[in-house]
Amino acid sequence: MTIHVKNNIHWVGQRDWEVQDFHGTEYKMTKGTSYNSYLIREEKTVLIDTVDHRFSQQFIQNLQMEIDLQSIDFIVINHAEEDHSGALSALMEKIPNTPIYCTEAAIDSIVGHHHHPEWNFKTVKTGDSIDIGNGKQLVFVEAPMLHWPDSMMTYLTGDAVLFSNDAFGQHYCDERLFNDEVDQAELMEQCLRYYSNILTPFSALVTAKIQEVLSFNLPVDMIATSHGIVWRENPTQIIEQYLAWANNYQEDRITIFYDSMSNNTRMMADAIAQGIHDVDPSVAVKVFNVSKQDKNEILANVFRSKGILVGSSTMNNVMMPKIAGMLEEITGLRFKAKKAAAFGSYGWNGGAVDRIHARLTDAGFETAISLKTKWRPDGKAMRECREHGQQIAKLWAVKDKSTLSTPVNAFQSATPIEGIEAQQPLTETTPTADAAHSADCQCMVCTVCNWVYDPAKGEPNQGIEVGTTWADVPDYFLCPECHLGKDVFVEYQG
């Protein structure tokens with residue numbers, strides 16, 4: 001089955017209505033997903049990406065019904081993850097000498113997944129292009145850490161279609177392919193869920209990459225993603241939304257999540273929520289039990305919130321395991337400009353609350369006062385919990401509501417972003433490293449995201465003191481922006 005996208009572009013992907021888990025079991029899919037592959041037939045025939053490996057044979061059968069596989073002139077792999085390149089091994093068995101265009105980093109990951117170093121790889125970088133005939137070119141734009149080091153986007157001139165890889169996508173399955181055909185509230189929900197759970201750690205890179213693409217002043221008539229719908233009507237609305245999400249996004253919202261052995265901490269959570277509402281009824285307050293509710297929905301609400309409260313019973317003087325796991329995920333997602341507080345019940349001592357407070361502080365949250373209740377909360381303790389909620393509401397009140405993000409419940413037609421207008425040739429550009437560094441500063445720059453390590457500043461968040469030379473930086477060091485190791489750094493040349 002194929003779906004006509006535009007002119008000589010067809011969707012040849014695979015819908016997956018039944019899938020529930022992604023990245024192991026870390027991401028729960030509530031609406032299925034699609035693995036989007038695109039066939040372009042100009043004077044040259046090009047296949048962009050494949051599908052998940054579980055659908056390899058079905059994908060090839062469908063493709064053979066559409067074209068002679070031998071007519072494929074080359075394959076573009078925007079990303080090597082198995083849900084993008086999974087059918088590549090089966091396809092290459094039938095057309096083994098077909099060139100594969102990808103980034104240099106993708107060769108390593110493709111070979112690592114498929115174990116075929118003899119394949120005909122062609123390395124591309126930002127600004128490289130291929131003439132596919134009829135006056136059209138494919139132009140490549142590297143997008144490292146969105147969300148893998150090997151990621152790139154591909155732009156088709158003439159048709160003005162951006163094959164955006166994982167960016168602007170969503171795990172959302174529908175028989176209809178285009179954004180203007182589906183339920184807009186459902187689409188927004190899945191886009192936000194996808195961004196908040198997968199792309200949040202790379203928000204600074206999202207902004208930089210979007211600004212780089214906008215600087216090319218290319219027309220964008222469609223954005224063809226790797227998962228979910230194709231953005232056909234006002235495609236730049238999702239670009240605008242990504243820029244908003246990447247800019248320390250927060251609504252007038254507070255999220256409370258907890259785990260409880262005997263419902264004591266649940267009682268506290270309910271009373272705290274009531275106290276917040278007493279003081280500021282306009283604040284959206286959501287309460288979640290991490291043992292019973294969707295973890296990814298909780299994380300999406302954390303992303304939307306100006307502050308969170310995390311509660312746990314104390315077990316063996318530590319927090320409940322599911323709360324510990326959630327805090328580990330929150331630390332990895334690197335939320336910015338948010339407040340937090342801990343609460344919980346205990347019998348012998350309240351170690352869980354202290355540990356939660358410490359973890360939230362380490363994760364970069366601005367932490368407020370904690371609250372502990374011994375045994376099952378009685379009337380006095382419940383009043384204290386409600387008063388605590390009232391105090392939190394006052395402490396976290398935003399005087400100027402205009403500084404908060406406006407919740408968007410559905411996509412709507414909007415004015416396209418300025419800057420995506422006339423088509424011009426692409427030239428290679430890279431994000432500019434910190435201009436404050438001199439050429440003789442003995443700095444090191446990350447080749448993936450351009451973050452600069454300066455010995456004069458150190459990296460206090462990883463315990464690296466001011467004055468530490470690169471040779472003395474420990475091997476466990478990770479780039480604060482892209483979280484890759486020392487091996488991706490090179491000497492800064494100014």
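From the backbone N, Cα and C atoms, a Cβ is placed for every residue, glycine too.
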Please identify which of D83, D108, D294 is recorded by Swiss-Prot as part of the Fe cation 2 site containing D166, H227.
D83
Hey, does DSSP put A342 (FMN binding site) in a helix, a strand, or just coil?
strand
In the same chain, outside D83, D166, H227, whose C-beta lies within 8 angstroms of the Cβ mean position for the Fe cation 2 site?
T33, Y35, N36, H79, E81, H84, N165, G169, H171, T225, S226
Name, in the order they occur in the sequence, the residues of the same chain whose CB lies under 8 A from the CB of E81 (Fe cation 1 binding site) and which sit 6 or more residues away.
S109, W148
H227 (Fe cation 2 binding site): nearby binding-site residues from D166, A352, T367, Cα cut-off 10 Å:
D166
For the domain 'Flavodoxin-like' (254-393), DSSP counts of helix, strand and coil?
66 helix, 34 strand, 40 coil
Please give me the CB contact count at 10 A for H147 (Fe cation 1 binding site), counting all chains in the structure.
20
